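Asks: Below you'll find the structure I mean.
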Amino acid sequence: MASYHLSVKTGGKGSASPHADYIAREGKYAREKDSDLEHKESGNMPAWAAHKPSEFWKAADTSERANGCTYREIEIALPRELKPEQRLELVRDFVQQEIGDRHAYQFAIHNPKAAIAGGEQPHAHIMFSERINDGIHRDPEQYFKRANTKEPDAVAQKRHVSGKHRPNAKNTLLPRGRRWADLQNKHLERYQHADRVDSRSLKAQGIDREPERHLGAGQVQRFDTEQLQAILERREAERQVQQSRDERDSVIDVTTSLREALSERDTLTLKQELKSEPEQESHSGRTFDFEKEPDKLNALVSDAMKDIQEEIDLQSLVNDAMAEFQGIHQEMERQRERERLAEKQRQQEKERQRLAEQIRQKPDKGWSFSR
């Protein structure tokens with residue numbers, strides 16, 4: 001099931017190069033076996049780092065101001081439903097949408113196995129520099145110096161100030177989150193997946209449950225069997241509740257066809273009434289000699305048979321509509337019972353989860369992918 005996650009982080013002087021190695025699985029993070037790296041690439045780099053983006057981040061650590069931001073990172077969860085090449089297409093579209101050709105960037109797609117359920121956890125790390133790319137060639141030292149608006153050729157690019165730890169952080173992050181959700185939904189629709197994501201909080205979506213904390217591999221290893229089972233049962237209960245909602249919605253969709261049937265019945269009735277009026281007018285005050293005008297008799301018989309058939313069809317339509325309505329009512333009753341049982345199971349699991357939380361030694365603070 002597709003899930004929404006977007007967060008923004010910043011890095012200070014000395015942290016860009018190690019973090020770039022981490023997301024690219026290079027340096028001390030390089031692993032020969034069982035790598036979770038699905039893809040990595042970079043763009044908008046100056047000529048001296050075009051083929052080796054690690055040089056760019058090293059220069060940022062060396063030459064950026066002491067209190068400067070060496071990089072900004074957007075971290076996003078990717079839908080499991082999409083294939084690797086489709087996820088890459090999604091990330092590239094997002095990078096083009098949010099960064100374009102304005103900033104040097106590097107991104108990596110990771111796909112580790114979930115610590116509890118063992119499923120895929122595809123996500124992307126997108127690092128970019130706040131320095132705006134103005135097309136002027138500068139060496140590494142000049143690139144990260146304070147911009148000179150009077151002589152832009154002399155020293156570094158201007159910095160784009162936005163996001164976390166800035167006065168307009170909320171105004172930047174929330175619209176970006178909505179854009180990411182919209183783009184992700186477009187790609188899910190493009191590849192014919194029914195799931196959709198929502199950037200709003202669970203409360204804003206009208207979902208009555210607590211958000212689940214992200215659990216790192218180290219924390220999961222400290223859980224006992226009962227704690228792990230409680231988490232899995234909670235997830236299963238939530239899955240059943242969502243399935244019940246989806247099935248209920250599909251039943252509601254069926255009522256649309258019922259309304260259409262009733263509308264069609266009313267239309268047929270109206271047509272019949274309109275048709276009978278001119279016939280009554282034409283037949284009133286006039287008689288036919290059917291022996292001399294057999295065609296008139298045949299026409300009247302044919303019209304009468306059509307009226308009878310329309311009545312039969314109309315009654316059949318009404319009967320079908322009533323049967324469909326009864327089926328809808330019965331199905332909705334079954335859905336209510338399934339939801340009641342699923343809610344009961346969810347409450348039981350929630351209580352077990354609360355007890356498990358009390359004995360947890362080191363609760364996780366915030367969301368962060370561990371791999």
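Note: Cβ is positioned from N, Cα and C throughout, glycine not excepted.
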Asks: Out of 66-91, 92-117, 196-221, which range is noted as region 'Disordered' by Swiss-Prot?
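Replies: Checked against Swiss-Prot: region 'Disordered' maps to 196-221.
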Asks: Treating G and I as helix alongside H, and B as strand alongside E, what does DSSP give for the compositional bias 'Basic and acidic residues' (330-365) in helix, strand and coil?
Replies: 29 helix, 0 strand, 7 coil
